[in-house]
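Quick notes on the structure that follows.
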Amino acid sequence: MSDPLNRATLIKGADIVGKGRQDVLVRDGRVAEVGAVSVKDADVVDADGLVLLPGLVDLHTHLREPGREDAETVLSGTRAAAKGGYTAVCAMANSYPVADTAGVVEQVAALGRAAGYADVQPIGAVSVGLEGKRLAEIGAMAQSAAQVRMFSDDGHCVHDPVLMRRALEYVKTFGGLIAQHAEEPRLTEGAQMNEGAVSAELGLPGWPSVAEEAIIARDVLLAEYTGARVHFCHVSTARSVDIIREAKARGAKVTAEVCPHHLLLTDEAARSYDPVYKVNPPLRRGADVEVLRAALAEGVIDAVATDHAPHAPQDKECEWAAARPGMLGLETALSISVLALGGPSDVDWDVLAERTSRTPARIAGLEAHGRDPQPGAEANFTLVDPAATWTVVPEGLASLSRNTPYAGMELPVTVQATFLRGRATVLNGKIAEETSE
Amino acid sequence: MKHLLTTKELTREDAELILDVTQQMADAVTGREVPKLPALRGRTVVNLFYEDSTRTRTSFETAAKRLSADVVNFAAKTSSVNKGESLRDTALTLQAMGADAVVIRHPAAGAPQRLTEWLDGAVLNAGDGTHAHPTQALLDAYTMKKRLGGIEGRTVAIVGDILHSRVARSNIWLLAKLGANVRLVGPPTLLPKDIDDWPVEIGYDLDASLKGVDAVMMLRVQHERQNAAFFPTANEYSRLYGLDERRLALMPDHAIVMHPGPMNRGMEIAAAVADSPRATITEQVTNGVWVRMAVLYLLLTNGESK
């Protein structure tokens, strides 16, 4: 592992975001030179055949610490992130205690710094305890050392229109945004999977697509009315895409993310009754998957976000209805994003970088991330092998949990190296030890 | 057949075999001084019931005992507050005890299918959530076969809360497989969404749907549905979808009235209809024992000895 304080790192011959091969010299955590570089006092990383991407940025990660350290910790979660090519993750607020105070968000940020595998940007809760009743101390969290800009009650919808309006007005003062988990709760009471032909047959209570679309439509209107920014988490239906497209055409300040699993899997997976496929919002129809893929390519959907949701075995090895929703995502998101954007030989790496790194960094306000290598920029990037494939083995994942829906699947593209401020968090496909800065 | 989880997965041949063996069971036991066969001597059948259902549990217990199996009743209580032992741990316990077959009734759809992943023995679904109740559908089919002389080409109306009914879900696939025409009738709020591909006709007008039927199957309406505003009042439901004597008269003379029980008299079915000779409700209960004997026998012996 290189030591950025002393030796430089020279990455030789990487294809820079698919635009051509260059060498990248990294010194003191920043990019020193890009081009045909030859220096003597540098560790050389042979990147022949590899594509260099700006480090991936996840807008939606559940790190489970504090509270459920049996499922994931900030350390294990960020190791998984690095393995997946990420240099920054946004940690959702639904920990125990909830990240609804400056103290909790500062703790999460500090744990991230101590781990050193990826920058951890806490997301603050919109409401106290995620209960949807009173606004959390948004201002205190914004002014804290964690500098929270994004607020979300994810896991719960901010369904009260008055609370949503107030939150939007409030975050506008410091350029913040609300990340909405769009789910009208009255329409999804007891819901277990997508409402449609498969749920009708399986006898599992349905989660109707309109429960998502109704909230997205309402919040588009509230965003326009207040002039504030709304980000839509895990958009899962074709009709939601239509609403967001129209909103953007009118100039509403809305952005949207899609999860890898909604780009690949469908509600047919529920036929196994294996809760590894239970997720909220649920896996939808094949027709939705097609529309979401097209919307991601087009940019109507701004970003891929993992909704990485680790769960302990007992919360998944049970009946479907008793299981907790959510699936792992950090280590498989890049591969699935490549698949969704045309596969390893046809993918436009620039579009991939836009959706998995630059745009999410912009949405989250992470200025040091999502930048292509240029002299002076922080050296946050990942090297991927577009020709390699790998098979998902749950026991082989860096996450503490095993709830991946891709077990046994062969996926394209491997992460060979990830650099966080010039320091390799992953090298030769292996997680580097002792990364703390 | 290793397990019986749904009627959808049954082949027509399997379904017909079960109905044939049901007839044989009825013939073999009826009129005997000791109504008992030695077929499953030494085998252990566990009744694993997570829902109170004295009717179904007793039916399975009787069936297993008439085949000389040892029966263990494992009443497992669950609630969302106190989950108790996990289904997987219970399965591993039953596995360690050497259960040859587990009959499971569970409020969660898919629980029997999950059980097959943890158990070597046969799993028999005695009703899972709103998903399936295959032995109920098989006993209904057997009852129709006896009363109507066959199932192929007959028309069966299933009336009421289709959305929450595992009985309906199991009957639809089985009856369609056996060549019946199936009509679903109920308020739109109690019909599942996106069922265009199901092998059924859908109607909202009970009077119209009763014309030309050979059998009508009335489903129980749970009281909690009323609170959830699936329909305005019990009275209105009864007026629109209850089977009373006026409606009985709209049906052909030979047509039978079925109900899986327990009934809400005066709600989905009028007392006079329930007690009329055209109702097969107690016959269904009797046939349930024969059907469950047939299924236990086939699952535990692969039909090899008798």
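Placed from the backbone N, Cα and C atoms, the Cβ positions cover glycine too.
Note that TrEMBL annotation is computational and uncurated.
From the candidate list A:H231, A:H234, the residue TrEMBL records in the Zn(2+) 2 site shared with A:D154, A:H181 is A:H234.
Cross-referencing A:D274, A:D288, A:D302, A:D307 with the Zn(2+) 1 binding residues that TrEMBL gives (A:H60, A:H62, A:D154) picks out A:D307. The binding-site residues shown are A:D154, A:H181, A:H234, A:D307; of these, the one with its CA atom nearest the CA of A:L63 (substrate binding site) is A:D307. Non-local neighbourhood of A:P325 (substrate binding site): A:K278, A:V279, A:N280, A:P282, A:A309, each in the same chain, at least six residues away, with C-beta under 8 Å from its C-beta.
Taking Cβ-Cβ distances under 8 Å and a sequence separation of 6 or more, the neighbours of A:H311 (substrate binding site) in its chain are A:A71, A:A323, A:R324, A:G326, A:S401, A:N403. Sequence-distant contacts (6 or more apart, same chain, Cβ under 8 Å) of A:H60 (Zn(2+) 1 binding site) comprise A:C90, A:M92, A:D154, A:A179, A:C233, A:H234, A:E257, A:C259, A:A305, A:T306, A:D307, A:H308.
Cβ neighbour count for A:L63 (substrate binding site): 31 (other Cβ atoms within 10 Å of its Cβ, all protein chains included).
Here the binding-site residues are A:N94, A:N280, and the one whose Cβ sees the fewest other Cβ atoms within 10 Å is A:N280.
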